[in-house]
């Protein structure tokens with residue numbers, strides 16, 4: 001008589017997987033929000049002081065208390081958090097004090113600027129890393145392998161900001177090939193900037209940012225390709241008379257593609273970290289720079305909003321990576 | 001067709017900090033495979049029989065050391081030139097097919113590797129699969145969706161795409177039920193009857209015996225003897241080595257004389 005158990009229809013595996021992962025993403029966002037809120041509260045910054053800026057000297061204690069009460073700073077921290085969370089769930093992330101605009105709007109604009117930088121760098125770094133890894137793994141221990149490995153280790157060991165500054169010194173200052181800063185020439189209105197000028201300003205930051213992704217991608221792909229080149233199916237291809245390049249392109253690249261995609265999406269967090277540095281060095285008006293500004297000038301709503309947006313982006317990246325693994329591998333298809 | 005004379009294979013490995021030593025795996029094996037015959041190489045696991053297949057196809061790992069001579073149709077054997085075209089491998093398990101590629105496509109790729117021009121690859125692949133009773137439905141499947149017997153037949157199709165004169169089948173009955181094992185061996189027998197040389201490497205004497213012309217017994221990397229398949233009858237009086245006799249006497253077909261099999 002187990003009617004309830006029998007009546008419940010089984011969810012398709014992919015849908016159940018998706019639901020599980022979305023629940024996990026929501027929990028992740030909640031904990032990131034709580035942690036970021038706690039950190040902002042613990043920071044030795046008086047939000048009222050930060051809001052007033054230089055005008056702080058002219059404001060008396062009674063007015064300060066009024067401002068604090070207006071913003072709810074007189075209430076205990078958990079109550080403040082719940083109030084912020086409730087508003088955030090309704091889509092209201094608050095007002096950014098340093099940009100004097102709604103946080104959602106600031107993040108939207110800044111994110112678009114960051115995306116023009118991050119998307120090309122992400123794709124370029126991924127493609128370049130995969131190609132290099134494939135070339136290196138096809139013949140383990142050959143000279144391309146050794147050269148590419150050295151290059152990848154070198155890249156992995158170099159700090160991103162140092163590399164960005166090096167690029168700036170060589171290509172912008174010494175050679176004068178590329179502009180040294182910003183997303184557009186200074187003193188121009190957005191409508192006046194040509195596409196050529198935009199691209200010229202994009203080259204160095206994209207180069208600096210994509211170079212960061214090349215190293216790990218090349219090393220991971222190399223390991224996967226080398227493993228596939230030793231596998232039985234590769235031996236069989238050789239036994240059929242296939243040449244090394246054919247085995248690498250037809251078999252090994254196929255087996256390395258999925259882990260590479262997963263790394264590409266899972267690496268979105270690192271990309272974001274790299275973009276904070278690159279945007280700072282190249283004075284790019286993106287989200288990363290806004291995060292640093294918000295931190296230095298105690299713009300708590302903006303900082304929380306950026307933390308949430310970043311966590312959402314990285315979480316979605318990981319979700320996509322897992323979904324790809326689920327969907328692309330035929331061995332995973334049609335199995336519970 | 002294929003002649004191995006005093007073939008030895010060892011593996012280099014570091015001994016201590018500076019020196020390297022060679023661990024022998026196969027010692028002075030002399031064999032020949034003739035056109036139109038099935039030669040079975042029988043041995044327990046670790047006897048070095050799979051190394052024979054790898055050596056003939058040039059698939060030994062980089063640290064292998066080879067001594068002795070291999071000749072193919074009267075000339076020194078160059079595996080890299082011959083494999084896929086004159087010498088074909090039937091590998092030992094389904095894991096040798098690429099798990100991410102549909103079976104039919106793998107057969108087409110093999111057709112290209114066997115030297116067929118692009119326009120002929122697909123018809124040749126379809127025809128080869130059809131020879132082993134595999135249709136369009138099977139060729140659309142991924143290897144893990146094939147049964148063991150189907151996968152083995154797909155690999156037979158790959159081996160017979162080109163004009164290979166010599167087939168090397170490594171454990172062709174591994175993991176198959178007796179009925180499918182007999183079918184695969186029957187296919188190999190038919191290929192030999194059509195004039196090819198077939199080298200079957202197996203641990204299963206009783207499965208291979210009905211289709212083999214001659215049987216070579218390998219033990220611990222050394223050849224015990226090569227006997228005609230007809231010598232495996234009665235109590236094995238026609239067999240020269242005690243190991244071969246013991247192997248035979250341990251089979252139900254010999255009428256079981258396990259007491260005499262004890263010396264090994």
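Just so it is clear, glycine is given a Cβ too, placed from its N, Cα and C backbone atoms.
Where the annotation comes from TrEMBL, it is an automatic prediction and has not been curated.
Quick look at what TrEMBL lists:
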type: DOMAIN; residues: A:111-325; note: domain 'ABC transmembrane type-1'
type: TRANSMEM; residues: A:119-138; note: transmembrane segment
type: TRANSMEM; residues: A:150-178; note: transmembrane segment
type: TRANSMEM; residues: A:198-219; note: transmembrane segment
type: TRANSMEM; residues: A:260-282; note: transmembrane segment
type: TRANSMEM; residues: A:302-325; note: transmembrane segment
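Residues 17-18, 21-22, 25, 28-29, 32-33, 36-37, 40, 84, 88, 93-94, 96-99, 103-104, 106-107, 111, 258, 261-269, 272, 287, 290-291, 294-295, 332 of the same chain lie 6+ residues outside the transmembrane segment (A:302-325) yet bring a C-beta within less than 8 angstroms of a C-beta in it. Residues 114, 117-118, 121-122, 126, 129-130, 133, 160-161, 164-165, 168, 180-182, 204-205, 208-209, 212-213, 216-217, 220-221, 224, 288-289, 291-292, 310, 313-314, 317-318, 320-322, 324-325, 328 of the same chain lie 6+ residues outside the transmembrane segment (A:260-282) yet bring a C-beta within less than 8 angstroms of a C-beta in it.
Within its own chain, the transmembrane segment (A:198-219) has Cβ neighbours under 8 Å at 116-118, 120-122, 124-126, 128-130, 132-133, 136, 148-149, 151-156, 160, 163-164, 167-168, 171-172, 178-179, 182-185, 260, 263-264, 267, 270-271, 274-275, 278-279, 281-282, 284, counting only residues six or more beyond its boundaries.
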